[in-house]
Amino acid sequence: MGARQKDVEAGLRDQTNLLPKRELILLFSTLAASLLVCFIDQNGIGVLLPSIAKDIDAENTISWAGTSSLIANTVFQVLYGRLSDLFGRKLVYVSALALLSISDLLCGLAVNSTMLYVFRGLAGVAGGGITSLSMMIVSDVVTLEQRGKYQGILGAMVGTGNLVGPLLGAAFVQHSTWRGLFWFICPVAAICCIINWFMVPATVPSEDFKGNVKKIDFYGVFTGSVATILILIPISGGGSYFEWDSPMCISMLTIGGVFAVAFIIVEWKVSSLPMMPLSLFKNIPVAVMILQNFFYGATYYAYLYYLPIYYQNVRNWTPLISAVLTIPIVFFQSFASIISGLYISHYKRYGEVIWAGFVIWTIGSSLTTLFSRTLPIAAIVVISSLNGIGVGFVFQPTLVAMQAHCTKAQRAVVISNRNFLRSLGGAFGLAISAAVLQNTLKANLPAKYKDLARSTYSTPDYSRYDAADSDAIHDAYARASRAVFITLAPFIALCLFGCFLVKDRGLARPDEVGQPTLAESQVQSQQSVSRDGEEEKDCASFMAVPAPVEDENEDKETIRERDEIEEKDEAEENGEGEKKKGEAVKI
C-alpha cells in the first residue's frame, strides 16, 4: 500500500458502531428483509421472460432483461465500497433501496424492450448496492467474532430469495400479470428504505460533500466501467446475438482489454483512494480467496441457469417440477449458511468450515457430471443437496475469513471487490457454459436440427418431432449438459486447492480490539477499554447512538504504534516475515 493511499485511508471516518442486542436485532431484521427483496427481484424475472417477450414483442432480445441487470450489478459492485467510505453506509444504502423501488415501478410501466432493459439495468445498479452494503453494515455493528453468525443468516436470505423469487413470479404470471411482480416489489422496497433510514446508524463524513466528491476515483470509475461493459456484453451475447469471431465481438473484447489494463494502471499509480486497491492482491490469503470467489461464482451462477435446462430439455420435466428440484440446493444452502455462521462465532475459527465446504462441493460437482437421461430423481436430490451444503459452507465464511486477513480500513473495499469478482465470475461462467453447450449440441444434433443450438436457453417442442428424432435431440442435450457440468467441476477443485494457501488466523484483529463507540466514550470514566486486546464484555450495557466518535487529539505516538501493528500484519500476510519463510501454509 502506497504512503499516499494509506494517508487518505487514515483520514476516512471509522464507521464501527457496536449496537446493543435489541437494536442490533431490529437493524438486522430490516437488513435481512431488504436483502430478501433484492434477490426476489433478481431471480423472479426468469419465469416472467416468456410472458414479457410476448407482451412487448421482444422474443429475439428478451434475455437482455437479465443481461443488462447482471452487467450493471457487476459494474457498480466495485464502486460501492469507496462511496460508502466517503459518504457513509446509511446514505448509500437507502439510496440503493430507493433506486430499486423506482426502477421496479418503471419496469412495471415499460411498454417496449428498450425501456425494460434500461430499467432492469437500474435495478441491477441498486441490487449491487443492497448486496454489498448489507454486509458492510453488519461488519460495522458487530465484532468480527460475531460476524459469522449474522452474515450466515444473510447468506440464508440470499438462498431464500433464489427460491421465493421464481415461485412468486410464477404466481403473478398465472393469476395476474408479469407487471404485478414489479409493482409488488416497488412498495416493499420503499418500506424497507424508510425503515432503514431510521434504523441504520448515521455517520458524519470526514469532510464536507465537495471534499469527498474530490476523493472519488473518477478515472478508475471510467476505465473500470468501460472495461467491464465492453467485456461482459460480448461474453454474454457471443454465440447468441453475434458470432464469437464477428468484428463486433472481437473489437469490444479488444477495446475492453485495453481499458482493463488502463484501469489497473490507474488503481496502481494514479488514484489516491482506489476502488480496487492492488495492495489487496499482495496479501496472499485475501488474493487467494478473491480468486476462489471468482471461480465458485462462475460455477454457482452456471448451475442456477443450466440445471433447469437439464431438467427441461434432457428429462422433459415441466417448469414447475424444475422449480421444485431447485429446493434441495437452496434449502441446504440456507441451512448450511446459518450453521456455519453459528460455528464460526462460537469456536472463533473458520478454516475447517471452508475446507469442509469446498470438499463437499467438489464431491457434489463431480457427481453432477453423472446427470443423464436416466439418473433416478432421488440421486439428483442427494447430489443437489451436497452442492447446496458446499455453497452454504463457503459463501459467507470466506467473507469472514477475508475480513480477518485485512485491516479495518479495507473492510468495505474487500466486501465490494469480493462481490464484484464473484459477479464477474458468474458472467464468465455463463459465457463458458453457453459456448460449451452450443458447440456440443452442434456436434451431436441431427443435421436438420442444428438450428436448435443457436438459442442457448430455449426448450425444444418435442411434440413436433417423431420418436427417433426426439430421442436423438434428447441425447444431444444430455451430452451437452454433461459437458457443461464437466467443465464446471474443476473450478471448485481449484478452490479446494487454494485452501492450502490460507491460514486460519482466528477472529481477533489488533486494529478492531478496544475501539470505543460513542456510547462507550460517554462512560469512559467508569470503564476503560484497552487498546491491546480486551474484548468488550457486554455491548448491551451501552446506549445505541448514530455514529462512532474518533479521538481528534490522538497523539502521534499512538498513531505510530497503530501503523506499526498494521504494517506488521501486512508483512505477515505477504509472507515477508523471516519466521514464515519455508513454512507450509494451510488453514
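Backbone N, Cα and C atoms are what each Cβ position is placed from, and that goes for glycine too.
Annotations in TrEMBL come from automatic prediction, not curation.
Bear in mind that the values here come from a model prediction, so they are computed numbers and not experimental data.
Here is what TrEMBL says about this protein:
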COMPBIAS  521-530  compositional bias 'Low complexity'
COMPBIAS  556-565  compositional bias 'Basic and acidic residues'
COMPBIAS  566-575  compositional bias 'Acidic residues'
COMPBIAS  576-587  compositional bias 'Basic and acidic residues'
DOMAIN    27-507  domain 'Major facilitator superfamily (MFS) profile'
REGION    517-587  region 'Disordered'
TRANSMEM  24-49  transmembrane segment
TRANSMEM  91-111  transmembrane segment
TRANSMEM  117-138  transmembrane segment
TRANSMEM  150-174  transmembrane segment
TRANSMEM  180-204  transmembrane segment
TRANSMEM  216-236  transmembrane segment
TRANSMEM  248-268  transmembrane segment
TRANSMEM  323-344  transmembrane segment
TRANSMEM  353-371  transmembrane segment
TRANSMEM  377-399  transmembrane segment
TRANSMEM  420-441  transmembrane segment
TRANSMEM  483-502  transmembrane segment
Please check if the transmembrane segment (91-111) comes into contact with the transmembrane segment (377-399), where contact means 3 or more CB pairs closer than 8 Å and the residues in each pair are separated by 6 or more positions.
no
Do at least three CB pairs under 8 A connect the transmembrane segment (24-49) and the transmembrane segment (377-399), leaving out pairs fewer than 6 apart in sequence?
no
Under 8 Å between C-beta atoms and at least six residues away from its ends: which parts of the chain pack against the transmembrane segment (24-49)?
62-63, 65-66, 69, 73, 97, 100, 104, 120, 123, 126-127, 130-131, 134, 137-138, 141-142, 150, 153-154, 157-158, 160-162, 164-166, 168-170, 172-173, 178, 181, 185, 188-189, 192, 195-196, 199-201, 304, 319, 323, 539
When you scan the chain for residues with a C-beta under 8 Å from the transmembrane segment (323-344), skipping those not six or more beyond its ends, what do you find?
47, 148-153, 155-160, 162-163, 166-167, 170, 303, 307-308, 311, 317, 350, 353, 357, 377, 380-381, 384-393, 395-397, 400, 507
Pairs of Cβ atoms less than 8 Å apart decide it: which stretch in 150-174, 216-236, 483-502 has the most with the transmembrane segment (180-204)?
150-174
Touch test for the transmembrane segment (216-236) and the transmembrane segment (483-502), at least 3 Cβ pairs under 8 Å:
no
Beyond the flanks of the transmembrane segment (420-441) by 6 or more, those residues with Cβ under 8 Å of it:
70-71, 73-74, 77-78, 128, 228, 232, 235-236, 238-240, 244, 276, 290-291, 293-302, 305-306, 309, 452-454, 456, 476-477, 479-481, 483-484, 487-488, 491
